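Read through the structure below, which is laid out as structure tokens, and then see the notes.
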């Protein structure tokens, strides 16, 4: 049997005579296949595979192909509707009798018995045949085109162009004699023009609308009259009309009538459409045969820009990956490759931007595309509309709204098929789509993978289009569409898109000024703007940085921006290299300086206009030059006003803000963001004045080497300090914890306040903490939800009034609003219940956090207002807010008016009862007619002459009086006003909610801090071994910083995870009175040196964020910065070797470390010659000991350093203890004790590590011998050199002292210099 074929997503014109949406990009007639008429009226022309495979989605095994490959149709999925099956003899087609020349069926070929073999040969080639598909229970028409004698199989080409290799003797077939389908087509084609004239003249709804109705069946998007195209496309439209006649055999009047009826229904839903869409999105492409093509240029999809290293020094350009990223392959290549390469040369070798610049032009803009006029002329209106959007946004995937579906065409369809797993629709043009309800899911998938998405929405309905054409005389046949959103990693705002990722997604705008742009050795001046769109937070700052961009590296490592905005070709090479090195594949946007990336003056002007519009300020406060006049800056936020008055000190920060606002304006987020933006100052990161900071500095190297947020395995959270401490229950708490870890406290009093709070939240108060966590456990991300409420009152982007959406967005908004109110109420109640702990213990920080009116706002009155305003449960269920009386003045007034008219109608009823003398007269409603006065038939003679008879039935008549008609008109208008007020009530209530924005944000902030404090209290329970509250003390009386730990464990590593029993704690003491400030640490490889260094650093961080430390005792004077040089790695993307990377990090430490810093150097000097490495290591160590005089650890395998510093009181020699045993072949076996022990270790025992690594025994034994030889040589040369040096030094001293022979002493000094070099060389 033939392989399963992908089901065809066709629809029968009997259900809807409109063509598929694939005709939106219909090909010209010259390239289209001749359509074959179909006699079937079936609702869906989907062919089920003939195979008996019980799972129709799983194709049956394909038969062996014939030796001669049949010529396949290069366009198996043309624009023509899928073929309709021919009915079997027992189920004749309802339209079959309408053919003027009925076909002659030469008998049905039954399935032959197994003992009978029917064979066919060349005699049936060219004949018409019908093949029965058992699972479809239908017949399909085709013709035999080829016979393979070797296989004994015939190739049958069906009417839709698909081919199948069959053994006709084993198939159920019918042989057809009579009029060929081609003749039938030609006969029908003669009547096409007349039909088309009737259809288009009688109904102005255009073919584009037909396309969209076919998909949504409730959209009526009325787009394009494809028949009125130029050249060959007219012929195509005529042929399409012929298909309608052949498949429907309907009278022209019936066609027009049905079309008119369908286009009048805007919200109709089609079951057939659902089946079609389900097939195109869910089912996989089966055995559909595709023609293969040797195409040279293939259109690719669009991937996001990524940061790549500059190709050479001074080159700041970055490669924008666009068309080259998603290469067609497999079926897509065979199906679309040839067409794409032939039709779109302007996307390949003839590529130009909108200003007709070639890619080789230095000002070439890859975001835009020049469309050749000849190409544009051949486009229909709908096609032209799509290409106009695409040509301006070539770096984005276009979600093009057509009815209830978002469509992806051409190169964007390849992205949808690849990344969203959406199947291509039928047709030669790449095309796929998905329903409106899947918008959030699909757009998040693309954005998370690094794509930019342009959302094009309909802003006009078909009825509005028709009305516009009548009123203005416009000839437009396409509904209006507008760009309503640009969604990227940094502009995700929808709650559904952010549910799985509580981390802040920062969009970072960065600019640079000063001498560093021309002088590589000069210091850098940066302006930075960080925007978290989801929480409406804007962080602004300007700072100076060293030539290695250390502060910028720290900022990038902490914030990890997902998107970067920078002025094109402005940043220095060092800055570009830092971005490459310290980011994780962000989306990079290069804006044109000044026109797109604004300077400070332009920024103040543009932002000022926005705030003036928000505050309803008159525009006259600005001069024609765009400068603020008088006190025009008073409406700006305080922070922006201060930056504007600082002149040069704030100009770069304002410029960065300008770049961010311009970018957000393209995404329709600028005004909604600024309206309720929360401005913050950039955390101080100038390392030269670190003592002015309120926080400890953890630079990029420390964050990475200590694995604070990212592990070294895969960059995830597992095994990091953040993962260990993160037991937060709220999303805002998780984000706050990351901030605390990135910037631990430096102020002693603030640290103690946190420690007090953490201590109180456990122990006997643990039940209160658990209850607090339980209350918050089901809350959504309240910080983002509140921000979304703030932005929802701005009718812009997809929230715009003109946007045509079929999803009930109003109901969704009401439900989110109620969720926000309930969340705020829950947070307030949780904080209130936690206040009970203050009765037992006191903590300044907790008292401040839990006292209403201080950090905790008093929101009880606000919550009561909204509870009294409407029923939350009813509103959440219905999606409509019905306000209680007194909640909304406008609605109350409308209700009162309605009641007045209803009261007047009741009064009028009483009057009529009295007039006619019958109390049984009453109002009734019949159909849409209300307030019909129902009068008994016996009183018909007494009815006044001005009564209007509306209807009657046996025994009664129904009337309208003039008064009733007048009151009904007024009542209808009053009800309309009431409904209008009801529709806007939710927006007014949200507006009142936004009036208290500071309260809601304070509530979230207080709740988040309490959540983090409880998390720190709980996290200490997971430590292995004991824990203690660290003692934070000032320096000793002589001003020497100190650190002391007893029984210090590791906060992250546990013995059970290591699989070696319990973790070995250690005692550490550095600094303080009469104590060495540095530990020179030696020991065997794998002895635990690096682990000890890390655990000390992590313990200091824990102590200064207010958490407990895994130790018996821990005391430290505050550390202002932790400087870490640890691990071996290179930065190839930044052009740095391992050794250069180590020295670069060390250079930063040398220039930035202070007396209060903690310096950790792990095996500095490796990666180069031993002499060079040891010389550098000793020089660096000496600098920290003698010049900086800070606390620190220096681990090394240069054992000569231990000899040199064994008498230095500022250095404590220690090693990681081990036991040595004799192994096989003289190889020493080392047992690691992991205990910090005083004294130096004589060896590193590297051969033991080689043994553990599994090196062969003969290699190990040879290594032992070589090791002994090197040690013997070192000892001999060492003793020999010492004797020679001693003799020479005595000679020099004697010679210089006597001063008798200057030339001799000079020669002696030269010899001493030579001997010193020899000594250094031999001792290494």
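Quick reminder: no glycine exception, Cβ is built from N, Cα and C everywhere.
If you check Swiss-Prot, you get these features:
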{"type": "REGION", "residues": "1-114", "note": "region 'Disordered'"}
{"type": "COMPBIAS", "residues": "1-25", "note": "compositional bias 'Polar residues'"}
{"type": "COMPBIAS", "residues": "27-55", "note": "compositional bias 'Low complexity'"}
{"type": "COMPBIAS", "residues": "56-67", "note": "compositional bias 'Pro residues'"}
{"type": "COMPBIAS", "residues": "71-83", "note": "compositional bias 'Low complexity'"}
{"type": "REGION", "residues": "197-294", "note": "region 'Disordered'"}
{"type": "COMPBIAS", "residues": "201-224", "note": "compositional bias 'Acidic residues'"}
{"type": "COMPBIAS", "residues": "225-235", "note": "compositional bias 'Basic and acidic residues'"}
{"type": "COMPBIAS", "residues": "236-261", "note": "compositional bias 'Acidic residues'"}
{"type": "COMPBIAS", "residues": "262-273", "note": "compositional bias 'Basic and acidic residues'"}
{"type": "BINDING", "residues": "1083, 1084, 1085, 1086, 1087, 1088, 1089, 1090", "note": "ATP binding site"}
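Each of the binding-site residues 1083, 1084, 1087, 1088 was assessed for Cβ neighbours inside 10 Å, and the highest tally belongs to 1083.
For residue 1085 (ATP binding site), other Cβ atoms within 10 Å of its Cβ number 18. Secondary structure at residue 1085 (ATP binding site), as computed by DSSP, is coil. The ATP site is defined by 1083, 1084, 1085, 1086, 1087, 1088, 1089, 1090, and by the 8 Å test on Cβ atoms against their centroid, the other residues of the chain that qualify are 1216, 1232. Comparing the binding-site residues 1086, 1089, 1090 by how many other C-beta atoms lie within 10 angstroms of each C-beta, the top residue is 1089. Residue 1090 (ATP binding site) falls within a helical segment according to DSSP.
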